[in-house]
Every structure is written in C-alpha cells, then in structure tokens.
C-alpha cells in the first residue's frame, strides 16, 4: 500500500515538473523588449537623465558625476 502511494506521488511529481518546465519557456512574440516598455517615457538629447527613464534612441547618459549626467550622442 505504501509503495503504491509512493509510486503515484513520484509519477505526479514528474508530471508536474514536466508541465512547469514547458510553461516556463518564453516566446519572443509574447515578451516586450525594453524599448517597447519605455516608449513615450524616454529622455531627449540635452536633458538630465535620471535612473528611472532611459535616453531616447541611441543617446547615452553621460556626465562628470552621477548628479550631472545628460543624454548626449555617443
């Protein structure tokens, strides 16, 4: 009796593990890329760039100190 219950629990565990592993695979069509998430909230050239929002396009956040960074061209 105990062996039967143990075998059933083992099979159930394997089935749940396989189902979880298959569902964890992500499809690129279902995921949003970072530029799509931040669309409309990017910082333009010459503006201060805080950590919360990225610079628009190919601009980079550069400056002499962390508090004086601005979005500039690379």
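Glycine is no exception: its Cβ is also placed from the backbone N, Cα and C atoms.
Remember, it's a predicted structure, so these values are computed and weren't measured experimentally.
Feature annotations, courtesy of Swiss-Prot:
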- 1-19: signal peptide (SIGNAL)
- 42-56: disulfide bond (DISULFID)
- 49-61: disulfide bond (DISULFID)
- 55-71: disulfide bond (DISULFID)
Just to confirm: which same-chain residues, 6+ apart in sequence, have a Cβ under 8 Å from the Cβ of residue 61 (disulfide bond)?
43, 49, 54, 55, 69, 70, 71
For residue 56 (disulfide bond), list the number of other Cβ atoms lying within 10 Å of its Cβ atom.
17
Taking the Cβ of residue 42 (disulfide bond) as the reference point, list residues of the same chain whose Cβ is under 8 angstroms away and which are at least six residues distant in sequence.
53, 54, 55, 56, 57
